[in-house]
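Following: one structure in structure tokens, then a few remarks.
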Amino acid sequence: MRRAVCPGSFDPITNGHLDIVIRASKLFDEVVVAVSINKNKATLFTIDERMELIREAVRNHPMAPSNVVVDASHGLVVDFCRARGIQSIVKGLRAVSDFDYELQMAQMNNSLAGVETLFMSTNPQYAFLSSSLVKEVARYGGDVSHLVPDVVLKQLRERAVE
């Protein structure tokens with residue numbers, strides 16, 4: 001079985017993230033969305049909330065792929081891959097600046113565990129999009145309805161004003 005992981009903090013998942021996950025689901029038998037837990041990083045949503053938002057976003061997507069699963073990830077992505085027999089990491093690239101960092105990570109992951117990284121170019125309509133930017137715009141009352149899945153929108157608005 002061809003399996004891949006899409007790692008990230010997904011705080012919250014954006015339409016850009018979802019686009020990469022859906023596209024990856026067409027290329028692999030199973031795609032695991034690995035939601036990272038970093039105790040040193042403050043998040044707007046808890047790990048359980050982020051995982052449930054991702055599950056609902058995938059379930060509510062018009063394609064609703066059945067080969068996407070969501071799991072929590074502690075530590076190195078390559079350790080997550082090794083423990084689950086996953087051979088590939090899928091990463092979305094928004095800009096050349098993303099590539100510089102992600103290439104170094106891909107080479108390190110390959111040297112540590114022989115895990116390959118597949119880079120997918122982001123849909124141009126999401127090239128500027130990041131969870132941090134979405135949270136910032138929402139915090140100031142801006143319209144982010146076109147940037148996040150519907151299931152995320154209500155919770156994001158409630159949390160962003162707290």
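Yeah, the Cβs are placed from backbone N, Cα and C, and that goes for glycine too.
Model, not experiment: these values are computed from the prediction.
Look at Swiss-Prot and you will find S9, F10, H17, G92, L93, R94, E102, Y126, A127, F128, L129, S130, S131, S132 tagged as ATP binding site, backed by sequence analysis. In the three-state DSSP scheme, H17 (ATP binding site) falls into the helix class. The number of other CB atoms found within 10 A of the CB of H17 (ATP binding site), across every protein chain shown, is 24.
Under the heading substrate binding site, Swiss-Prot lists S9, K41, V77, K91, citing sequence analysis as support. Long-range Cβ proximity for S9 (ATP binding site), meaning a same-chain Cβ under 8 A and a gap of 6 or more residues, is found for V35, S36, N38, K41, T43, R50, S131.
Sequence annotations record features per position, and here Swiss-Prot assigns site 'Transition state stabilizer' to H17 based on sequence analysis.
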Students should find that the Cα atoms of L93 (ATP binding site) and V77 (substrate binding site) sit apart, in Å rounded to an integer, by 17
Just the number: how many Å between the Cα atoms of E102 (ATP binding site) and K91 (substrate binding site)?
8
Round to the nearest Å and give the CA-to-CA distance linking L129 (ATP binding site) with K91 (substrate binding site).
14
Residues that sit under 8 angstroms from V77 (substrate binding site) by C-beta distance, when 6+ apart in the chain
V5, P7, A34, I89, N109, V115
Output the one of K41, K91 that, of all these binding-site residues, has the highest number of other Cβ atoms within 10 Å of its Cβ.
K91
Binding-site residues listed as L93, A127, L129, least Cβ neighbours within 10 Å
A127
